[in-house]
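As structure tokens, the structure follows; a few thoughts come after it.
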Amino acid sequence: MDSEASDIEAELSDSVSAGGEEYIDDDDYTEDIDDQIVTAKSSRRTARRSVPKGVRTSKRIRDKELSVEVDEDYDEEEDVLSPSKKRHLHTRSMDKRQVAATASEKSDIGDSKGNDGEIEDGILEEEESLEKELNRGGGKEVEKSEESYYAQNDVGQKGEEEQDGESGGYEDNEPSISKESDELVSVVNGNGNEEDDEVEATKENTTDSTRSTTTRSKMLLDLLEDGGSKKKLTDEEIQLRRAENARKRKNLSEKRLEEEKQDTINKLLKKRAGKSRSHLPNDDEKNDGSSSFVKPRRPYNSEGMTRILRRYEEDLFCTF
């Protein structure tokens, strides 16, 4: 066994010396590959962070920026690497190609998304321009028809007919809005050329909306003119109103004075009634059956009055 092992070692040494190549350890090779993978990931992250959000760049500019950043990262790492690891730099050149390929794929995806967004923006701008033109043309026709309608009908029937028209306008407006939304979805998805149908739907929607707004505004104007309009008064009418107001104020002041006088009289009478000597029965005494006799309301020392005092022994008659 020892002889066979020695023969194999001798053959390997001869092959190395003849070919001029050195033996590479597998452990060192795997470590170098791991380092290369880590550097490739870090370079991709830096390339992603370098591009600011919301800025659209072309495909060529992105490829240039990515290649420059990757080369700088690898140059810095090559200066730091030991001479034993510099043997396998050919693998890093392969990694650079892979990074560039992935970056180009991402840029293609971003460009495709940007193109889709530009197409959608163009469609929306065309629709807005069509709606503006239709609003300008349709508003004049609606105003003419409504003026003739108001001229024929009476003022009393305006409110009821306009309310009925508003309710019908809202009901007709809902299906037109749903049609327009379906047509917009089909245009964005690219399901066919339906520009004529779009124009018709926008015409219906604009006419309904303009009718509802004009009817509302005219109703409000009619109400304001009927209820809120003030009549212009002449100088004579103003003077008459001022005289009426002054007369009313005088009457009020006289009533207040009379009420105050009556209050003072009542207060004085109450004070004077409390000073009388005669015993005035209360309400409770009046209700009792025992208080049948009511004394006269006059003082005892009045002239011409006789008073009888009856005792057990004698009766006394007193005169004043």
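Glycine residues also receive a Cβ, built from the backbone N, Cα and C atoms like all the rest.
The feature compositional bias 'Acidic residues' is assigned by Swiss-Prot to 1-12 (among others).
Annotation comment: Swiss-Prot describes 1-232 (among others) as region 'Disordered'.
As annotated by Swiss-Prot, compositional bias 'Acidic residues' applies to 22-35 (among others).
Marked as compositional bias 'Basic residues' by Swiss-Prot: 42-59 (among others).
Among the features that Swiss-Prot reports, phosphoserine is placed at Ser67 (among others).
Among the features that Swiss-Prot reports, compositional bias 'Acidic residues' is placed at 68-80 (among others).
Annotated compositional bias 'Basic and acidic residues' per Swiss-Prot: 105-116 (among others), in sequence order.
Taken from Swiss-Prot, the feature compositional bias 'Acidic residues' applies to 117-130 (among others).
In the three-state DSSP assignment, the secondary structure recorded for Ser129 (phosphoserine) is helix. According to Swiss-Prot, the feature phosphoserine maps to Ser129 (among others).
The compositional bias 'Basic and acidic residues' annotation in Swiss-Prot covers 131-147 (among others).
Positions annotated as compositional bias 'Acidic residues' by Swiss-Prot: 161-174 (among others).
The annotation compositional bias 'Low complexity' is assigned in Swiss-Prot to 207-217.
Look at Swiss-Prot and you will find 244-264 (among others) tagged as compositional bias 'Basic and acidic residues'.
Annotated region 'Disordered' per Swiss-Prot: 244-306 (among others), in sequence order.
According to Swiss-Prot, the compositional bias 'Basic residues' annotation covers 268-278 (among others).
As a summary of secondary structure, the compositional bias 'Basic and acidic residues' (244-264) carries 21 helix, 0 strand, 0 coil according to DSSP. Counting every protein chain shown, 10 other Cβ atoms lie within 10 Å of the Cβ of Ser129 (phosphoserine).
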